[in-house]
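Copied over from Swiss-Prot:
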ACT_SITE  CYS111  active site
ACT_SITE  HIS253  active site
ACT_SITE  ASN283  active site
REGION    254-258  region 'ACP-binding'
Amino acid sequence: MAFKIIETASALPANIVTNDDLTAIMETSNEWIESRTGILERRISETENTSDLCLRVAQTLLDKSGIAVSQIKAIIVATMTPDYYTPSTAAIVQGRLGADQAFAFDISAACSGFTYALSAARGYVQTPDDYVLVIGGEVISKMLDWSDRSTAVLFGDGAAGVLLQGTTSDQESWVSEKLITIGTESDQLVSGYAPVKRPNFGQVGQTQVGIDFFKMTGKAIYQFSTRRVPKAIEAAVLEAGLTLDQIDHFLVHQANSRLITKMASMLDQPLTKFPMNLQHYGNTSAASIPLLLAEQVETNQIKRGDLCVLCGFGGGLTIGIQIIRY
């Protein structure tokens with residue numbers, strides 16, 4: 001069964017932190033950040049957690065579509081910064097939304113999370129009466145070492161998502177997908193390490209959980225992104241029976257403007273096909289692709305019938321590609 005995307009929505013913290021703001025807390029400059037990443041500012045949450053942002057997205061999707069909460073079959077949240085280890089962020093959203101009949105779960109695939117969540121959602125849109133909320137949301141700021149300019153300047157908080165409906169018509173959105181995991185390189189990007197520090201059996205007192213800051217081997221991730229991701233996009237498009245020239249928009253993970261520019265060049269496609277909004281939001285991980293999609297739809301840059309490649313890549317290491325006709 002394929003799906004149709006019937007609505008998009010996003011939610012962002014109100015607090016804007018510019019590159020100049022960061023110079024007050026770390027040794028950096030606007031020029032240093034912008035020249036290396038393309039980022040000018042990002043949203044940093046002051047009070048909202050991941051579930052709060054995702055709930056705003058879910059409610060907006062319902063409001064825009066006119067679909068009743070009782071019609072929602074499933075809620076899938078892609079995040080690497082959940083409120084808790086358990087319950088899932090999706091379960092919190094389900095409860096606060098009042099979607100009592102819906103089942104809910106999280107997917108953790110870092111910056112590929114939204115594309116993996118779309119893949120999972122396909123199994124639950126079996127009839128036109130099936131509606132599924134798929135949301136990517138992150139509050140990465142709570143996991144950052146704000147003294148480390150190599151990582152702290154890159155990220156921002158936010159959430160965005162889509163409302164899917166099952167369809168048997170020729171108006172379906174889904175065309176093809178390609179998911180890749182390279183677990184042998186999983187140590188290149190890690191966050192929230194929870195080691196077994198001591199046996200817990202028989203111990204009195206609260207269990208100790210080790211939380212570590214977000215850490216990334218920048219050079220290795222960049223090489224992975226340029227070495228593997230363009231080839232994966234090319235292969236996914238070919239496997240779908242399409243050519244790169246037929247793709248109207250490449251919505252790739254908003255990690256770095258120089259990286260995206262290089263990808264466009266490697267695929268021999270015009271940069272105009274690779275929209276960017278990272279200058280305003282930074283790297284929002286699982287929220288990155290749906291945030292860009294929602295913005296492009298809202299501004300009428302993406303229209304019904306446009307052929308789009310959604311490509312996430314990052315921790316895992318993972319690559320997730322969904323080819324859709326919006």
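Using N, Cα and C of the backbone, Cβ positions are placed for all residues, glycine too.
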Neighbourhood of HIS253 (active site) by C-beta distance under 8 A, where only residues 6 or more apart in the same chain count:
CYS111, SER112, ASN283, SER288, ILE289, CYS311, GLY312, PHE313, GLY314
Check the DSSP secondary structure of CYS111 (active site), expressed as helix, strand or coil.
helix
Looking at the active-site residues CYS111, ASN283, the one with the fewest other Cβ atoms inside 10 Å is ASN283
Looking at the region 'ACP-binding' (254-258) alone, can you tell me the average pLDDT?
95
For a three-state summary based on DSSP, what are the helix, strand and coil counts in the region 'ACP-binding' (254-258)?
2 helix, 0 strand, 3 coil
